[in-house]
Protein chains: 2
Amino acid sequence: MPVLKFEMTHRDPGSSARRGTIYTDHGIVETPIFMPVGTVGSVKAVSQQQLQHDVQAEIILGNTYHLYLRPGTEVLEAAGGLHRFMGWNKPILTDSGGYQVFSLAANRKLTEEGALFQSHIDGSKHLFTAENVMDIQRSIGADIIMAFDECPPYPSDYGYAKKSMELTHRWVDRCIARLDDTPDLYGYTQNLFPIVQGSTFPDLRKASCDYISSRGAAGNAIGGLSVGEPESMMYELTALCCENLPVEKPRYLMGVGTPWNILENIALGIDMFDCVMPTRNGRNGMLFTSQGVINIDNKKWEKDFSPIDEGIGSGISAYYSKAYLRHLVKSKEILGLTIASVHNLAFYLWLVREARAHIVAGDYFSWKNEMIPLLKTRL
Amino acid sequence: MPVLKFEMTHRDPGSSARRGTIYTDHGIVETPIFMPVGTVGSVKAVSQQQLQHDVQAEIILGNTYHLYLRPGTEVLEAAGGLHRFMGWNKPILTDSGGYQVFSLAANRKLTEEGALFQSHIDGSKHLFTAENVMDIQRSIGADIIMAFDECPPYPSDYGYAKKSMELTHRWVDRCIARLDDTPDLYGYTQNLFPIVQGSTFPDLRKASCDYISSRGAAGNAIGGLSVGEPESMMYELTALCCENLPVEKPRYLMGVGTPWNILENIALGIDMFDCVMPTRNGRNGMLFTSQGVINIDNKKWEKDFSPIDEGIGSGISAYYSKAYLRHLVKSKEILGLTIASVHNLAFYLWLVREARAHIVAGDYFSWKNEMIPLLKTRL
């Protein structure tokens, strides 16, 4: 079977930023890319129509933990996979569920075998293993499936971080073996991305990169960052990982981050991002715009009838005014959650499209340094 | 200034149903029509784009009580009226706020002058009068504005109902006088519809119709029905009112109702409807479809991957499956509220379009009698 192909077309002369294309059986993804998070088969408050036309998403993420608990693999298999279940025909990536087990589930217990936990919904007991997490992701039918890993908390001591990394490495091999033994379920290829761990320790990160690289996967991910460590530490570790992961494979930095985090990490060689920040912060009235950050709750927007953000390619961001969105948010109207979420995601997708154009133009580094103070401005 | 024009083009030979067109300065409304309720400047959980393309709404309703409290007339005037504030270029009708004062506000007190009440949001004290309710509706800028009235509860005794009706009649004259004294604010015409009251007493209803008709308004409304009385009583009183209101003016039955209520009342001569039922029940998982009523929470829909409802002209109703919507509702995803609300409203608009076609074809009465048992079927 053909596997996911990555074609790198441009490299920025002033940084390690790259411009590429990922080919999947559900179409292409231009990189650098941001992936909206569709937790339980829905990008929160956003319709698939808005996702396609306003956000202009190219690939979305699903959470294995959530989808396994609800609607469950039986329903997803009966539907013919998540793409058909939710009506999303473009690529999907699923995480491995490990992160959610340790952030959401109750009474979790880590063993060599896997992670025991109780559902946050009904308290029922479940076991995630390297093997069954591959089976679940087969049932979901994502184009890119993530290896089962443990994400150590920040800070972790060296001994714990090393043991955790080694466990993640053993799990990677079990994931690969399981996928080799099981077929794609829906007639298209599913591609495994293993995950680099190693907490905040450069030697562990390098060792993990070496091990993960040696697995020869179609793409590689960096996990365990943006979990509370200082930004400068995240950038140093990302840079180290990018230097030690294959240049010809896409690199995915998991769970990152702010608009400026994304621009900085693109400069370090990252191709793929996901984060709940645009939707979660949007639901709390925080808007990222091409002019800076807006707290829409603020009275200064009460009579500002200018569009939320024009020129980012989102009809919804150009259609509704700041004053109207503020009114919806103050009145706790559901449409306010939708507009804010659609806008923030559209802004993130606009930002990576801009980044691509500047990599192609060869001025990414200077553009990024001009943009970051602007994006951080509190309006 | 030109006032709202109503052109009746067809009458059903087997009933009192009529097919017509209302001309406003924001475009035409085909009748019979259902008006989605956009309480506080938003049809709950539905975007203006979905309202136009999926629901195919021709006119929406705004609540004066809610809009007065939030965002307030100062913001609405600064925006140039509600149409511009919310981005809705088609006709808008506003109620007078009386009904909400008596169903939502605290410590309300009715006097000859008007209604004293405390805001349900912050407890602040306010007075609604026939005059200031006209001023508020001027500020909102609705194409059709409703007279200030009192809606007596069900049941009411004869003495109370008569006094309440007489008060409503005195208020109508104050509304008319106030509108005569004040200009349209935004360059288009605002048209007053007075409201027939009289509770469940036929002689009072007839007297109210006579009084209201004599005011010579561009259209007339029937209030105080669907407030708990038996359906048969509602139909009798609606029939009586239709017989006693001018045939050449549109008739609006306020706050009604189920799909079958709407078909029955069209047969009696009603042209306009509004109701929160499609959105409110939708948010609770109850779907009205062309095949009958669905409780989407029911396990029978878990693996039903057929569309919610095809052939009603709503892309969203045809795109998403029952199983997916059930999953969203069970998972408390915001998108579930949106899909259910859009679908139910689209169904109501489809239903009145079908009704129009059957009035034109001359078989409305027999079509209505076939449809009602189908629409009531519990699937």
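In case you wondered, yes, glycine gets a Cβ from its N, Cα and C as well.
Keep in mind that TrEMBL annotations are predicted by a computer and have not been checked by a curator.
Among A:Asp54, A:Asp143, A:Asp149, A:Asp271, only A:Asp149 appears in TrEMBL as part of the substrate site alongside A:Asp95, A:Ser96, A:Gly97, A:Gly98, A:Tyr99, A:Gln197, A:Gly224. Check TrEMBL against the ranges A:24-30, A:122-128, A:213-219, A:255-261 and you find region 'RNA binding' recorded for A:255-261. Check TrEMBL against the ranges A:14-18, A:279-283 and you find region 'RNA binding' recorded for A:279-283. Nonlocal intrachain contacts for the region 'RNA binding' (A:255-261), taken as residues 6+ away from its ends with a CB within less than 8 angstroms of a stretch CB, comprise 99, 223, 225-227, 231, 234, 270, 273-275, 277, 288, 347-348, 351, 372, 375-376. Each residue in the domain 'tRNA-guanine(15) transglycosylase-like' (A:16-372) has a pLDDT score, and their mean in this model is 97. Here the C-alpha separation of A:Asp149 (substrate binding site) and A:Asp95 (active site, proton acceptor) works out to 10 Å.
The 10 Å shell around the Cβ of A:Ser96 (substrate binding site) contains 31 further Cβ atoms across the protein chains shown. Other than A:Asp95, A:Ser96, A:Gly97, A:Gly98, A:Tyr99, A:Asp149, A:Gln197, A:Gly224, the residues of this chain whose Cβ falls within 8 Å of the Cβ centroid of the substrate site are, in sequence order, A:Met146, A:Ala147, A:Phe148, A:Glu150, A:Cys151, A:Ile195, A:Gly223, A:Met254. When Cβ atoms from all protein chains are considered, those within 10 Å of A:Gln197 (substrate binding site) total 29, not counting its own. Counting residues per DSSP class in helix, strand and coil order gives 3 helix, 0 strand, 4 coil for the region 'RNA binding' (A:255-261). Taking the Cβ of A:Asp274 (active site, nucleophile) as reference, residues of its chain lying under 8 Å away and at least six apart in sequence are, in sequence order, A:Phe34, A:Met35, A:Pro36, A:Val37, A:Leu61, A:Leu93, A:Tyr252, A:Met254, A:Gly255. The maximum pairwise C-alpha distance among A:Asp95, A:Ser96, A:Gly97, A:Gly98, A:Tyr99, A:Asp149, A:Gln197, A:Gly224, the residues recorded as binding substrate, is 15 Å.
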